[in-house]
């Protein structure tokens, strides 16, 4: 069986070696006589899996001891709804910087609970740039400032951590976590759905400065209280054990591959290949994002018209290049180059782009 190159924005491609190991261990895991999906989450066997996943993630991301790590059910949208409940008083101001579609989604989830203030919004320019920090209108007593580190739809990425003074900086890193070195101490909290760089859909990671967990927040059930989850080692309720196990395998694979520094180099190489093909096409392929904020993970581009876009998608699929159709919100083409995408995948895409242009340009 030959695996195609999968450019899906999420759920995304996983390392083949991780999939092979999971396949081998699906029916009977580690000599226990049962599958990993069948054993109790409170058994010593699974507790060891969970502990190893956290330890490896701490090593991979250089997470300081004064930050707690949570493995939660669901995705980033759930987390976005829980942030104001846990870290802001009713009606308290929170600042949001909108650099694309998912920044708007974060605001939608927070609005029922707090006074959401838009500190900056890239929409007037079409989300092709991020407003400079000096232009942000920050509330002096905001509970936190929220950014989306990488926008998968518009292909816009924060290349540097913004300085928001003494305000806690919260960031959605769902699509760029572990893609390059990150100084977590610059943030009060970061979070990520796993299904792009960390593993399968259905589990997320929250990394939060412990002192922030002491905030009263708003009245909420225990299941929505991050402090309660920390106290119970992310096992306040039955967690998605299979997803947690796969996340652990993926994180271990990243460490074996050289860690974040190695992936940063590979990701830069992959992105340079694809952007080079776009910029060198004489306008046949177009990406309008400012070079200083171009995403390394998600590269949207457009051809002359929708018919040509559709032809590109169908022909690329026949060539073994999957899921290149752009998001419905913007159309066009989108290539997602997460950590598990090898350089060979970017090379294959670029070769196809050159061939397609020769035939249809």
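Placed from the backbone N, Cα and C atoms, the Cβ positions cover glycine too.
Just one of 59, 152, 161, 250 is listed by Swiss-Prot for the same pyridoxal 5'-phosphate site as 76, 77, 102, 172, 195, 237, 238, and that one is 152. In this structure, the CA atom of residue 102 (pyridoxal 5'-phosphate binding site) is 35 Å away from the CA atom of residue 42 (L-glutamate binding site). Spacing of residue 76 (pyridoxal 5'-phosphate binding site) relative to residue 196 (N6-(pyridoxal phosphate)lysine) is 12 Å (Cα to Cα, whole number). If you draw a 10 Å sphere around the CB of residue 77 (pyridoxal 5'-phosphate binding site), it holds 17 other CB atoms from the protein chains shown.
Of all Cβ atoms in the shown protein chains, 30 besides its own fall within 10 Å of the Cβ of residue 196 (N6-(pyridoxal phosphate)lysine).
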